[in-house]
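Working notes, structure below.
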Number of protein chains: 2
Amino acid sequence: MTSTPLADLWPTLPGADARPEAAYRLLQAAVESFAERGFHATTTRDIATAAGMSPAALYIHYQSKAALLAEISRAGHAATLTLVRGAVAGGGGPAERMRELVEQFTAWHARARTVGRVVNYELHALPEDAYAVVAALRLDIEREVSALIEAGVAAGEFQVAEVRTAARAVTSLGIDVSRWYTDNSSEAPEELGRRYGELVLRMLGARV
Amino acid sequence: MTSTPLADLWPTLPGADARPEAAYRLLQAAVESFAERGFHATTTRDIATAAGMSPAALYIHYQSKAALLAEISRAGHAATLTLVRGAVAGGGGPAERMRELVEQFTAWHARARTVGRVVNYELHALPEDAYAVVAALRLDIEREVSALIEAGVAAGEFQVAEVRTAARAVTSLGIDVSRWYTDNSSEAPEELGRRYGELVLRMLGARV
């Protein structure tokens, strides 16, 4: 598996300050195990072994495999929310900012596809409190995208019949990249982002 | 779980002619178990129990849980390919047929979301020969969508820079509906299909 190291995706990892390297190794091992076998078929021993540690050493950092899943899901969603907010706060009009948002969001899901799969397909395995955190982050992402579409409509740059459905389509297109993108995909993540940026602007009725 | 019974999705089920009801019950139980726990964490005993049978009774119909996954994946892909071909062969110009295709494809993935999740997220768990069958069906779906886009470009109804990327976006939007659609979603499957039909036609540069 040739996924990007988590440290590149999440430059800071709250809660892992004490021994960041070991925590990263565990998160990386958990991501790959969950993506390969699914959460339920993965044991804490599998994760510890893949990280080159004993199960006891794992418990110094994380209480359970559910705590690892919760941290992966939280950090993955927080990273995409940060990226979305960065694009929304950027320069230019709504169409320009939407292009930036889709380019970044798409490229992230191509590069971080292994994390993306775990984050999006193992939601049902999250403990209730961790699910609530992730649901709040997802709602924030949807709201940012909806607000940008509304700004574009107000500015006369977009023509959209149902803002919520359009926002859903925009995020959905990006998220699903994690499912189908592989090392053999013909477009590099940035090129795919560029193409998807064009497609989304048209979908929103922008003149491109 | 309130998914549509498989019999509604797959009116005929080759290989299950001898005792269709028992086979359907097993497929239904397998779909729900795989969707809930993932393929690797599900045992043949889990599936047999959920179908109200003994493991021995399961083996009369299917050799293994992998054989059940293979049949679910094959049938799910075959059903969507049939639906895509029906739309492509329908009346009207390319834009009209694309609208029909997206409406049907989207509504299917909303209604059959539990099957959709299994079919799309457990691909890596398929035995090699079963994977080859499914890969061929997926390629056929992509080709049908690409050919319809090309026909639309040739007819002057679509304006598309990269046909393959656009075809990927069209199928990806529909497939991802299985991930996010729930009983609480505000649009009925047919209404979502209608809205996605509009969005896709715009994405392809059709004047709608």
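Backbone N, Cα and C define each Cβ position, glycine as well.
Automatic, uncurated: that is what TrEMBL annotation is.
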Segment assigned the feature DNA-binding region in TrEMBL (from B:23-42, B:43-62, B:63-82): B:43-62
Positions whose Cβ lies under 8 angstroms from the DNA-binding region (B:43-62), at least six residues beyond its ends: 16, 19, 22-23, 25-26, 28-30, 32-33, 37, 68, 71
For the domain 'HTH tetR-type' (B:20-80), mean pLDDT (0 to 100): 93
